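Taken straight from TrEMBL:
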BINDING   B:Cys144, B:Cys147, B:His148  heme c binding site
SIGNAL    B:1-23  signal peptide
Number of protein chains: 2
Amino acid sequence: MKHLSTLSATALLSLSLAGGAIAADLKPEEQIETRQAGYQFMSWNMGKIKASLSGDYNQETVQKAAEAIAGIANSGMGALYGPGTDKDVNGVKTRVKPELFTEQAEVGKVAGDFVAAANNMAEVAATGDEAEVKQAFGALGESCKACHKQFRKDD
Amino acid sequence: MKHLSTLSATALLSLSLAGGAIAADLKPEEQIETRQAGYQFMSWNMGKIKASLSGDYNQETVQKAAEAIAGIANSGMGALYGPGTDKDVNGVKTRVKPELFTEQAEVGKVAGDFVAAANNMAEVAATGDEAEVKQAFGALGESCKACHKQFRKDD
(Lines of atoms letter the chains of each structure in order from A; the text may use other names.)
(Lines give C-alpha, C1' and ligand atoms only; values in the text may rest on other atoms or scores of the structure.)
Protein backbone atom coordinates (compact mmCIF):
# COMPACT_ATOMS: atom_id res chain seq x y z
CA MET A 1 0.00 0.00 0.00
CA LYS A 2 2.97 2.36 0.37
CA HIS A 3 2.54 3.79 -3.13
CA LEU A 4 -0.85 5.14 -2.13
CA SER A 5 -0.77 8.77 -1.15
CA THR A 6 -2.30 9.69 2.18
CA LEU A 7 -5.11 11.38 0.34
CA SER A 8 -5.86 8.30 -1.72
CA ALA A 9 -5.73 6.05 1.29
CA THR A 10 -8.11 8.34 3.16
CA ALA A 11 -10.45 8.47 0.19
CA LEU A 12 -10.30 4.70 -0.15
CA LEU A 13 -11.18 4.32 3.49
CA SER A 14 -14.05 6.69 2.93
CA LEU A 15 -15.20 4.70 -0.12
CA SER A 16 -15.04 1.50 1.86
CA LEU A 17 -16.66 2.65 5.05
CA ALA A 18 -19.22 5.29 4.19
CA GLY A 19 -21.57 2.75 2.67
CA GLY A 20 -20.26 0.03 4.94
CA ALA A 21 -23.06 -2.13 6.18
CA ILE A 22 -25.35 -1.18 3.34
CA ALA A 23 -24.19 -3.43 0.53
CA ALA A 24 -25.85 -6.33 2.28
CA ASP A 25 -29.21 -4.59 2.03
CA LEU A 26 -29.17 -4.48 -1.77
CA LYS A 27 -29.23 -7.52 -4.00
CA PRO A 28 -26.26 -7.82 -6.38
CA GLU A 29 -28.37 -6.67 -9.34
CA GLU A 30 -29.58 -3.67 -7.32
CA GLN A 31 -26.01 -2.78 -6.42
CA ILE A 32 -25.07 -2.85 -10.12
CA GLU A 33 -28.08 -0.73 -11.08
CA THR A 34 -27.41 1.77 -8.31
CA ARG A 35 -23.74 2.24 -9.14
CA GLN A 36 -24.65 2.66 -12.81
CA ALA A 37 -27.27 5.24 -11.79
CA GLY A 38 -24.57 7.16 -9.97
CA TYR A 39 -22.25 7.10 -12.97
CA GLN A 40 -25.06 8.08 -15.34
CA PHE A 41 -26.05 11.03 -13.19
CA MET A 42 -22.43 12.14 -12.91
CA SER A 43 -22.04 11.80 -16.67
CA TRP A 44 -24.98 14.15 -17.24
CA ASN A 45 -23.39 16.68 -14.96
CA MET A 46 -19.99 16.29 -16.62
CA GLY A 47 -21.76 17.05 -19.89
CA LYS A 48 -23.23 20.24 -18.46
CA ILE A 49 -19.83 21.41 -17.30
CA LYS A 50 -18.28 20.57 -20.66
CA ALA A 51 -21.04 22.45 -22.49
CA SER A 52 -20.62 25.46 -20.23
CA LEU A 53 -16.86 25.52 -20.77
CA SER A 54 -17.37 25.19 -24.54
CA GLY A 55 -19.99 27.93 -24.79
CA ASP A 56 -21.25 30.69 -22.54
CA TYR A 57 -19.74 29.97 -19.16
CA ASN A 58 -22.39 29.72 -16.46
CA GLN A 59 -20.80 29.62 -13.05
CA GLU A 60 -23.98 28.55 -11.23
CA THR A 61 -24.63 25.64 -13.58
CA VAL A 62 -21.03 24.48 -13.27
CA GLN A 63 -20.96 24.78 -9.50
CA LYS A 64 -24.21 22.88 -9.05
CA ALA A 65 -23.08 20.16 -11.46
CA ALA A 66 -19.73 19.87 -9.68
CA GLU A 67 -21.45 19.60 -6.30
CA ALA A 68 -23.70 16.82 -7.59
CA ILE A 69 -20.66 14.92 -8.85
CA ALA A 70 -18.76 15.41 -5.60
CA GLY A 71 -21.79 14.39 -3.54
CA ILE A 72 -22.10 11.16 -5.49
CA ALA A 73 -18.34 10.52 -5.48
CA ASN A 74 -18.18 10.92 -1.70
CA SER A 75 -21.18 8.70 -0.98
CA GLY A 76 -19.36 5.41 -0.59
CA MET A 77 -19.93 3.76 -3.96
CA GLY A 78 -17.41 1.06 -3.01
CA ALA A 79 -20.29 -0.56 -1.13
CA LEU A 80 -21.98 -1.14 -4.50
CA TYR A 81 -19.25 -3.57 -5.59
CA GLY A 82 -20.23 -6.35 -3.21
CA PRO A 83 -20.05 -10.12 -3.75
CA GLY A 84 -21.87 -11.31 -6.86
CA THR A 85 -21.63 -7.95 -8.64
CA ASP A 86 -18.63 -8.94 -10.75
CA LYS A 87 -20.78 -10.26 -13.61
CA ASP A 88 -24.21 -9.92 -15.21
CA VAL A 89 -26.88 -11.04 -12.75
CA ASN A 90 -30.62 -11.52 -13.16
CA GLY A 91 -30.67 -9.68 -16.47
CA VAL A 92 -28.66 -6.70 -15.22
CA LYS A 93 -25.49 -6.26 -17.22
CA THR A 94 -22.20 -4.89 -15.96
CA ARG A 95 -19.05 -3.90 -17.81
CA VAL A 96 -16.82 -4.22 -14.76
CA LYS A 97 -13.63 -6.24 -15.23
CA PRO A 98 -12.80 -9.02 -12.77
CA GLU A 99 -9.60 -7.14 -11.89
CA LEU A 100 -11.60 -4.57 -9.94
CA PHE A 101 -12.31 -7.23 -7.34
CA THR A 102 -8.75 -8.44 -7.00
CA GLU A 103 -6.42 -5.46 -7.49
CA GLN A 104 -7.33 -3.68 -4.30
CA ALA A 105 -4.36 -1.34 -4.11
CA GLU A 106 -4.79 -0.16 -7.68
CA VAL A 107 -8.56 0.23 -7.24
CA GLY A 108 -7.89 2.26 -4.12
CA LYS A 109 -5.56 4.51 -6.06
CA VAL A 110 -7.90 5.23 -8.96
CA ALA A 111 -10.91 5.59 -6.66
CA GLY A 112 -9.01 7.90 -4.34
CA ASP A 113 -7.75 9.98 -7.25
CA PHE A 114 -11.30 10.27 -8.57
CA VAL A 115 -12.77 11.36 -5.23
CA ALA A 116 -9.95 13.90 -4.78
CA ALA A 117 -10.47 15.25 -8.30
CA ALA A 118 -14.24 15.51 -7.77
CA ASN A 119 -13.80 17.41 -4.52
CA ASN A 120 -11.18 19.67 -6.09
CA MET A 121 -13.55 20.36 -8.98
CA ALA A 122 -16.34 21.35 -6.56
CA GLU A 123 -14.00 23.65 -4.65
CA VAL A 124 -12.66 25.31 -7.78
CA ALA A 125 -16.14 25.65 -9.31
CA ALA A 126 -17.18 27.68 -6.28
CA THR A 127 -14.55 30.31 -7.12
CA GLY A 128 -15.96 30.86 -10.59
CA ASP A 129 -12.56 31.27 -12.29
CA GLU A 130 -13.14 29.65 -15.70
CA ALA A 131 -9.49 28.85 -16.44
CA GLU A 132 -9.04 27.06 -13.12
CA VAL A 133 -12.34 25.27 -13.62
CA LYS A 134 -11.20 24.05 -17.03
CA GLN A 135 -8.04 22.63 -15.49
CA ALA A 136 -9.90 20.97 -12.62
CA PHE A 137 -12.46 19.57 -15.06
CA GLY A 138 -9.70 18.12 -17.22
CA ALA A 139 -8.15 16.44 -14.20
CA LEU A 140 -11.51 15.05 -13.15
CA GLY A 141 -12.11 13.65 -16.64
CA GLU A 142 -8.70 12.00 -16.57
CA SER A 143 -9.52 10.35 -13.25
CA CYS A 144 -12.70 8.91 -14.77
CA LYS A 145 -10.81 7.62 -17.79
CA ALA A 146 -8.09 6.04 -15.66
CA CYS A 147 -10.64 3.80 -13.98
CA HIS A 148 -12.53 3.06 -17.20
CA LYS A 149 -9.30 2.06 -18.91
CA GLN A 150 -8.26 -0.36 -16.19
CA PHE A 151 -11.53 -1.67 -14.86
CA ARG A 152 -14.28 -1.28 -17.46
CA LYS A 153 -14.76 -3.45 -20.52
CA ASP A 154 -15.00 -1.60 -23.82
CA ASP A 155 -18.40 -2.96 -24.77
CA MET B 1 -47.68 32.07 -8.06
CA LYS B 2 -48.32 34.06 -4.91
CA HIS B 3 -48.90 30.94 -2.82
CA LEU B 4 -45.31 29.91 -3.45
CA SER B 5 -42.98 30.87 -0.65
CA THR B 6 -39.91 32.87 -1.61
CA LEU B 7 -37.81 29.82 -0.89
CA SER B 8 -39.90 27.62 -3.15
CA ALA B 9 -39.86 30.17 -5.93
CA THR B 10 -36.09 30.48 -5.68
CA ALA B 11 -35.69 26.74 -5.70
CA LEU B 12 -38.00 26.45 -8.69
CA LEU B 13 -35.94 29.02 -10.54
CA SER B 14 -32.90 26.99 -9.67
CA LEU B 15 -34.56 23.81 -10.91
CA SER B 16 -35.48 25.49 -14.15
CA LEU B 17 -32.28 27.31 -14.88
CA ALA B 18 -29.44 25.26 -13.52
CA GLY B 19 -29.78 22.66 -16.25
CA GLY B 20 -31.16 25.23 -18.69
CA ALA B 21 -29.77 24.67 -22.12
CA ILE B 22 -28.95 21.05 -21.45
CA ALA B 23 -32.25 19.30 -21.99
CA ALA B 24 -31.83 19.82 -25.71
CA ASP B 25 -28.61 17.81 -25.64
CA LEU B 26 -30.28 14.65 -24.35
CA LYS B 27 -32.89 12.66 -26.25
CA PRO B 28 -36.23 12.27 -24.43
CA GLU B 29 -35.43 8.68 -23.49
CA GLU B 30 -32.03 9.77 -22.15
CA GLN B 31 -33.69 12.49 -20.07
CA ILE B 32 -36.03 9.88 -18.57
CA GLU B 33 -33.17 7.49 -17.83
CA THR B 34 -31.07 10.25 -16.30
CA ARG B 35 -33.80 11.54 -14.00
CA GLN B 36 -34.56 7.96 -12.92
CA ALA B 37 -30.84 7.48 -12.24
CA GLY B 38 -30.93 10.53 -9.99
CA TYR B 39 -33.94 9.25 -8.07
CA GLN B 40 -32.46 5.77 -7.76
CA PHE B 41 -29.20 7.11 -6.38
CA MET B 42 -31.06 9.34 -3.93
CA SER B 43 -33.20 6.37 -2.88
CA TRP B 44 -30.08 4.36 -2.04
CA ASN B 45 -28.83 7.21 0.09
CA MET B 46 -32.22 7.64 1.78
CA GLY B 47 -32.00 3.95 2.65
CA LYS B 48 -28.58 4.42 4.22
CA ILE B 49 -29.87 7.26 6.38
CA LYS B 50 -32.91 5.25 7.40
CA ALA B 51 -30.74 2.26 8.30
CA SER B 52 -28.41 4.46 10.32
CA LEU B 53 -31.30 6.04 12.22
CA SER B 54 -32.79 2.60 12.87
CA GLY B 55 -29.56 1.03 14.09
CA ASP B 56 -26.16 2.29 15.15
CA TYR B 57 -26.14 5.95 14.17
CA ASN B 58 -23.16 6.77 11.96
CA GLN B 59 -22.83 10.51 11.52
CA GLU B 60 -20.33 10.29 8.65
CA THR B 61 -22.50 7.90 6.64
CA VAL B 62 -25.56 10.07 7.19
CA GLN B 63 -23.76 13.29 6.31
CA LYS B 64 -22.28 11.88 3.10
CA ALA B 65 -25.61 10.40 2.08
CA ALA B 66 -27.37 13.69 2.77
CA GLU B 67 -24.79 15.60 0.74
CA ALA B 68 -25.26 13.24 -2.21
CA ILE B 69 -29.02 13.76 -2.06
CA ALA B 70 -28.67 17.54 -1.81
CA GLY B 71 -26.16 17.62 -4.66
CA ILE B 72 -28.54 15.73 -6.91
CA ALA B 73 -31.57 17.75 -5.77
CA ASN B 74 -29.78 21.02 -6.55
CA SER B 75 -28.53 19.96 -9.97
CA GLY B 76 -31.43 21.21 -12.05
CA MET B 77 -33.41 18.02 -12.65
CA GLY B 78 -36.23 20.10 -14.09
CA ALA B 79 -34.23 20.09 -17.32
CA LEU B 80 -34.83 16.32 -17.51
CA TYR B 81 -38.57 16.81 -18.00
CA GLY B 82 -38.31 18.20 -21.51
CA PRO B 83 -40.74 17.78 -24.41
CA GLY B 84 -41.45 14.15 -25.25
CA THR B 85 -40.59 12.86 -21.78
CA ASP B 86 -44.22 12.68 -20.63
CA LYS B 87 -44.67 9.10 -21.80
CA ASP B 88 -42.75 5.90 -22.54
CA VAL B 89 -40.37 6.52 -25.44
CA ASN B 90 -38.14 4.13 -27.38
CA GLY B 91 -38.58 1.36 -24.85
CA VAL B 92 -37.83 3.56 -21.85
CA LYS B 93 -40.74 3.61 -19.42
CA THR B 94 -41.79 6.48 -17.20
CA ARG B 95 -44.32 6.64 -14.37
CA VAL B 96 -44.74 10.41 -14.62
CA LYS B 97 -48.33 11.69 -14.73
CA PRO B 98 -49.34 14.15 -17.46
CA GLU B 99 -50.20 16.69 -14.75
CA LEU B 100 -46.52 17.29 -14.09
CA PHE B 101 -46.28 19.04 -17.43
CA THR B 102 -49.33 21.24 -16.97
CA GLU B 103 -49.59 22.13 -13.28
CA GLN B 104 -46.55 24.39 -13.18
CA ALA B 105 -47.34 26.22 -9.95
CA GLU B 106 -47.98 23.00 -8.05
CA VAL B 107 -44.89 21.33 -9.53
CA GLY B 108 -42.88 24.36 -8.50
CA LYS B 109 -44.19 24.05 -4.98
CA VAL B 110 -43.41 20.34 -4.51
CA ALA B 111 -40.06 20.66 -6.26
CA GLY B 112 -39.14 23.70 -4.20
CA ASP B 113 -40.21 21.98 -0.98
CA PHE B 114 -38.10 18.97 -1.91
CA VAL B 115 -34.99 21.00 -2.66
CA ALA B 116 -35.42 22.97 0.57
CA ALA B 117 -35.89 19.74 2.57
CA ALA B 118 -32.81 18.17 0.94
CA ASN B 119 -30.66 21.19 1.73
CA ASN B 120 -32.00 21.33 5.28
CA MET B 121 -31.22 17.63 5.70
CA ALA B 122 -27.62 18.17 4.54
CA GLU B 123 -27.18 21.10 6.93
CA VAL B 124 -28.65 19.23 9.88
CA ALA B 125 -26.66 16.07 9.09
CA ALA B 126 -23.47 18.10 9.41
CA THR B 127 -24.27 18.86 13.06
CA GLY B 128 -24.56 15.19 13.95
CA ASP B 129 -27.53 15.60 16.34
CA GLU B 130 -29.48 12.39 15.80
CA ALA B 131 -32.86 13.74 16.97
CA GLU B 132 -32.65 16.74 14.63
CA VAL B 133 -31.50 14.49 11.81
CA LYS B 134 -34.47 12.21 12.35
CA GLN B 135 -36.82 15.18 12.08
CA ALA B 136 -35.11 16.55 8.96
CA PHE B 137 -35.13 13.08 7.41
CA GLY B 138 -38.85 12.71 8.09
CA ALA B 139 -39.53 16.06 6.44
CA LEU B 140 -37.41 15.09 3.44
CA GLY B 141 -39.29 11.81 3.07
CA GLU B 142 -42.59 13.66 3.20
CA SER B 143 -41.42 15.98 0.41
CA CYS B 144 -40.58 12.95 -1.73
CA LYS B 145 -43.97 11.41 -1.05
CA ALA B 146 -45.83 14.64 -1.82
CA CYS B 147 -44.46 14.60 -5.37
CA HIS B 148 -44.95 10.85 -5.83
CA LYS B 149 -48.56 11.14 -4.71
CA GLN B 150 -49.38 13.95 -7.12
CA PHE B 151 -47.17 13.25 -10.08
CA ARG B 152 -46.15 9.58 -10.16
CA LYS B 153 -48.33 6.70 -11.24
CA ASP B 154 -48.66 3.86 -8.76
CA ASP B 155 -47.36 1.20 -11.14
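Note: Cβ is positioned from N, Cα and C throughout, glycine not excepted.
The model shown is predicted, which means the values in this text are computed figures rather than measured ones.
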Suppose we draw a 10 Å sphere around the Cβ of B:Cys144 (heme c binding site). How many other Cβ atoms does it contain, all chains included? 20
Among all chains shown, work out which of the binding-site residues B:Cys147, B:His148 has the most CB atoms within 10 A of its CB. B:Cys147
Output field, heme c shell: CB within 8 Å of site CB centroid, site B:Cys144, B:Cys147, B:His148 dropped: B:Val110, B:Phe114, B:Ser143, B:Lys145, B:Ala146, B:Lys149, B:Phe151, B:Arg152
